[in-house]
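Record features (TrEMBL):
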type     : residues         : note
BINDING  : H165, H186, H195 : Cu cation A binding site
BINDING  : H317, H321, H351 : Cu cation B binding site
DISULFID : C85-C102         : disulfide bond
DISULFID : C101-C166        : disulfide bond
DOMAIN   : 186-203          : domain 'Tyrosinase copper-binding'
DOMAIN   : 344-355          : domain 'Tyrosinase copper-binding'
Amino acid sequence: MKKLVACTTQSLRIVAFCALAAALTIIVPRTTNPCAYSMSRSILSVTGLDPFLITCSSDASLSDGAGDKMKAGSGGPIVTDLHLCGDPDPPDYPPPAPFKCCPPMISSSEPVNFTFPDPAEPLRTRRPAHEAGSDHMAKYRRAVALMKALPRTDPRSFYQQANVHCAYCSGALRQLGRPELPVQIHFTWLFFPFHRSYLYFFERIAAKLLGDPGFALPFWSWDVPEGMRIPDEFADRASPLYNARRNPRHLPPKVLDLEFMEVENNYTDEQQIQRNLWVMHKQMVTNAPLPSLFYGQPYRTGDSAMPGAGTVEVCPHNTMHVWTGDLRYPNIEDMGIYYSSGRDPIFYTHHANIDRLWDSWRHIMRTTRGNQTQVDLTDPDWLDASFLFYDEDARLVRVTVRDMLDADKLRYTYGGVGMPWLNARPPTSPGVNGKRSRLKSVSFPVFLDEAVTVEVSRPAPPRNRQEEVLVVEGIEVDSADFVKFEVYVNAIEYHKVQPGGRELAGTFVTLKQPGEEAETMRTTMRVALNQLLEDLGVEGDDSVTVTLVPVRGKVRIGGLRIVYVAE
Ligand SMILES: [Cu+2]
């Protein structure tokens, strides 16, 4: 926790940063015209990678409805602009090779607004990668080979495609209107739509290079027993899908651990598969009964990065990144850290599964709560948030979240696997709640050096049925580290809970962050309680005991409270 407690250095840096930001505010007029940002353009021109001319967008090309709000300086949808791209924040440990990640600026780099594909286009069916040897895996292999063969200056090359992820999560891209703030698409409500649009263009580029308009990405179905290993194709050293920077202990036939955090467990394959199914059930069903709990927290222009992640992003998304990455590297390249994860061809199949789970979650919500259930967020700052991608013809396209809500309109679907975790409700462990009367009083904030148990009172419920949510507030972690802690409910003797059992209400996991500007990551976590309290048979209690258990890394917790949420 050296960085969290080194207050003096930290404050000096903050003062220096604020002074710089204030100076920037004077030098850089807050306008939607990126040409005004002479400083960021000069930063861009020294990044050195891209030999193309920098062209200036006109105001008109950016007028996607966000411009007026931008002038206010805060609030409004997050809008990105390639002209506001600079050096990424370096990771805390020296990377295996220096890197930059701004997309190339080609002379035609004026964004066009996204248009939907022709409804007559064949529907692409993404299929599971564990069907190794099948045609579609052979096509994916060939597509990656073709992308790798393109020159690095081509925005459709594998090198540049990998850099897209880096640019959107390593501090390289800045918020239009607030250039002192990075665009970070993780730990926010942008997580699902950003990655959907990223894969959409990646897939179409692959299809074009293959000359196969029906090409569909395979997905790594790590949530179903047959898919709970690295698919064989990725482990073939002769394949372009191979990546040397993966955990050598996790090659097939090793069964994956959806809650992995650096330490191997000694479960049998059967136990591991069962626990993986419980994790899936918690993250997809019981912990995600509301859109905000599934998608993540609001993130608008002017906001600090990483306000809070949705259930699936934290786990299994983050945990699978760490499980796949190579622990012999201190940053866990390639998959275990944001800047390099797109370099591993398995990333796109991992995220296709995340994207599939987005659709699965909507399906579950509609089948359990009725077709009229509102499954998408309705906030215009979510719907109008926009990202830039190069398409299969190397045209720069501005795409909004609103464009990405209907996979059918995007002409793709998923097939080949079911939801075996749908009814995999984890077991309870009776008699683990010890004696509340012996609890020590806790004053927040607390450093999680050891497990902390707190009695949290439940406010009087509103008359209409709403979701009761435990909010873990003011979480602070050292960005240089990756961190995991667990949240148990009514399990003071948490070590007696069956691994993966019901009292383990939630798991918090971060990936390592780039350093510099954000040495401390501040975020929040939310745990849905209705189903949990029903399963534990304690719906009538006035309070619950919450035990926070550190697993990996150092973390400070600002407080705990219970709220009721209606959506
Ligand atoms: Cu990811």
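Cβ coordinates are placed from backbone N, Cα and C, and glycine is handled just like the others.
No curator has checked TrEMBL annotations; they are predicted automatically.
Calculated from their C-alpha atoms, the gap between C85 (disulfide bond) and H186 (Cu cation A binding site) amounts to 18 Å. Using CA atoms as reference points, the recorded positions C101, C102, C166, H195 were checked against H351 (Cu cation B binding site), and the closest is H195. Report note: the Cu cation B site is defined by H317, H321, H351, and the residues of the same chain whose CB lies within 8 Å of the CB centroid of those residues, excluding them, are H195, E313, P316, N318, M320, S341, F347, H350, I354. Here the C-alpha separation of H321 (Cu cation B binding site) and H186 (Cu cation A binding site) works out to 13 Å.
Within 10 Å of the C-beta of H317 (Cu cation B binding site) there are 24 other C-beta atoms, taking all protein chains into account. In terms of Cα distance, the recorded positions that sit within 10 Å of C166 (disulfide bond) are C102, chosen from C102, H186, H195, H317.
Of the candidate binding-site residues, H165, H186, H195, H317, the one lying closest to C102 (disulfide bond) when CA atoms are compared is H165. Note: the Cα of H186 (Cu cation A binding site) and the Cα of H317 (Cu cation B binding site) are spaced 11 Å from each other. Sorting the domain 'Tyrosinase copper-binding' (186-203) by DSSP state (H, G, I as helix; E, B as strand; all else coil) yields 13 helix, 0 strand, 5 coil. In space, H195 is the closest of the recorded positions C101, H165, H195 to H317 (Cu cation B binding site), judged by Cα positions.
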